[in-house]
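Chemist: Annotated region 'Disordered' per TrEMBL: 1-46, in sequence order. Annotation source TrEMBL lists compositional bias 'Basic and acidic residues' at 22-46. Positions annotated as coiled coil by TrEMBL: 445-478. Per TrEMBL, the feature domain 'HECT' maps to 579-911. Feature annotation from TrEMBL assigns active site, glycyl thioester intermediate to 879.
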């Protein structure tokens, strides 16, 4: 049709968006259609299935409502088994079980048993259990089905009768279930607490008593937990059987840590009864590495230190067992070339460690002791050789794991020997010094310098971190930095011999002669003075060109003779490391300022005066003494006293830094704490003797008492504490109600020791060490043991070499050939030893000789002519080590006057 415009009119047709379907769209549509049809089919199949089961259900209901003869009923259980639960009542099922007993009990094959056990698996209580088990044909064991059904029943039925447990135990025994893998299935039901599944626990205890236990045990935590709980609830026979099972399998426990440390039942494995079983199982097989390795793993598996101590103490109480172990060790070639631990070595090392801990000096030296002194000597010799070779000849990756046990033990033996001398002698420690010439001649100063630099870097970083913490106490306990610094050096040095000697110095310093270690100590100080520009070169610079000096300036103070400690504290406590600089001290007495020029003498007098007042003046109550009058920080303190204790630590550090000896004797346990900084100053039981010898002796007696004797003492886990508001302190939670027994006596001793030496002493010891380490770095001190550290502080008491003193003496107004001087040295040589000590104290303020000889006295010992008046007494200025001796020219008179002066303390100030 044509319109007026001449155009053909078009018809409008709705064609959508005119987009054409792609192939992808068609495939997606087909997929959705296919899924829809599959869902429809599933619904249809499900509907048919439901209809089928419903019809079957109705058919079964109708079937079981039919009347059956007895001959037909007895076939019901073999035919239907557990399905019967769904169609007949409990009463009908019980009647059916009774009716079918004779038939099922003789039913041929295993089908009858399988169907009966399928019923047992579905029971929620024990009403039908006894009859069901009674119907089993015992001639046809169906062990897997039985263990599966019993384990399911135990999970579902918390309560049942003892008779049921007996019946189940009978079947288990008759069928030999425990000889198969099915045994694990039965014992792996988590019984939790007794209230949770008392029947399962009752069954397990019965099985344990009859020794019906798995033949092996894996690392399943539930299985071990069940064994622990069963052991703790079993009678003696059951416990013995469980012990026999577990002892050979502790390797599983060690390797996987499958038992939590807070499981109270696990602790039963570390009580005397179980430990005795361990000994019984091992004593005849100490030559078998497997048995000893298992013992080693058993000790290692101890959930806490108290349990480990209990094991070791019990082992030590069996002298014959320990003797067998040691005999086997000494008659077996000790192979230290492997990297893994040697079982006999490990066990014996731990026993010796405990023996050192709990033995008095007399017991340790006894030839009839559980570890005779001769065997201790032999073991130490092996230990010493092993440890040195491991460090000196091997790189770290090649070293034996036993080194971890060997090093701390060797250090403990060394500490004990330094006091008792059962290996070394009083005159020589040559036993401990290594004789390897290459080792002794090797110089490693660069390594020492690098270690010192790394230590200072580490210290600066740590101080920055501590500055951010506002709640810090006097000293923050730092992590051990020794291994950290060594690892940094190791990457560069690749374990060179010089680096290995540094390792030995830090870990086993006694291999290096004491005299060399003293030299190294003073070398560390020299390096530190160079770092701070305090050495002699910089001292000259300070004197002649102070404007160009970069070192620390002298620290000045005015000190009153009446108030030495307080004035010193106010002047020097807050200056930190600047206290290392030279001191410019002016004394003031009642007449005013004292005249004097300090050539080192006034500084020495200042330091000795501060120590005399701080350590010995009772008005300050900063330190107290043990029964040998050795000093340690007072355990009664407040914030102010802790600051003064910190300051006295700095004073002792300054004395060490300036080679000034002081007449102060510290308690051995306190010195050991100062050397145990990286372990938090912890002390052990053997240290208690130098704190309170009476308490230590009484606690040792406790270890040797019988159970009845301990019980009669009526001791509890609490301790008297006069400074506590309650006057007593619980050593453990609820300690006042927990009595000490033979089983927990070691825990009691450990807790008493911890309270006395660690808890009470920590803050004052930490404060003293904090001040000391401002001046003397911890690793400088840790080259020495406690006795050697005391010698560094106070000098060598047992060796006064008068010829050395004579060759290091300066004379004023005398010559060495003058009659009075000749008489003086003859008189001094004729003095008794104690008189010689008194003379040294008279002229130097300290009754000991310097460790590096009298050449180290600063200033040197001097004798000045005090005139010809024979009535005058000799006098001394200790601040400059000066003796002012009148020219008597009469030996007898000189002796009388000198002894009188020494005993009366005739001294005067430097003026």
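Any Cβ shown, glycine's included, is placed from N, Cα and C.
All annotation found in TrEMBL is predicted automatically rather than curated by experts.
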Chemist: Could you give me three numbers for the compositional bias 'Basic and acidic residues' (22-46), the DSSP helix, strand and coil residue counts?
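Modeler: Helix (H, G, I), strand (E, B), coil: 24 helix, 0 strand, 1 coil.
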Chemist: Please report the number of other Cβ atoms within 10 Å of the Cβ of the residue listed as 'active site, glycyl thioester intermediate'.
Modeler: 25
Chemist: Reduced to three states, what secondary structure does DSSP give residue 879 (active site, glycyl thioester intermediate)?
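Modeler: DSSP call for residue 879 (active site, glycyl thioester intermediate): helix.
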Chemist: Grab the pLDDT values for the coiled coil (445-478) and give me their mean, rounded.
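Modeler: Per the prediction, mean pLDDT sits at 64 for the coiled coil (445-478).
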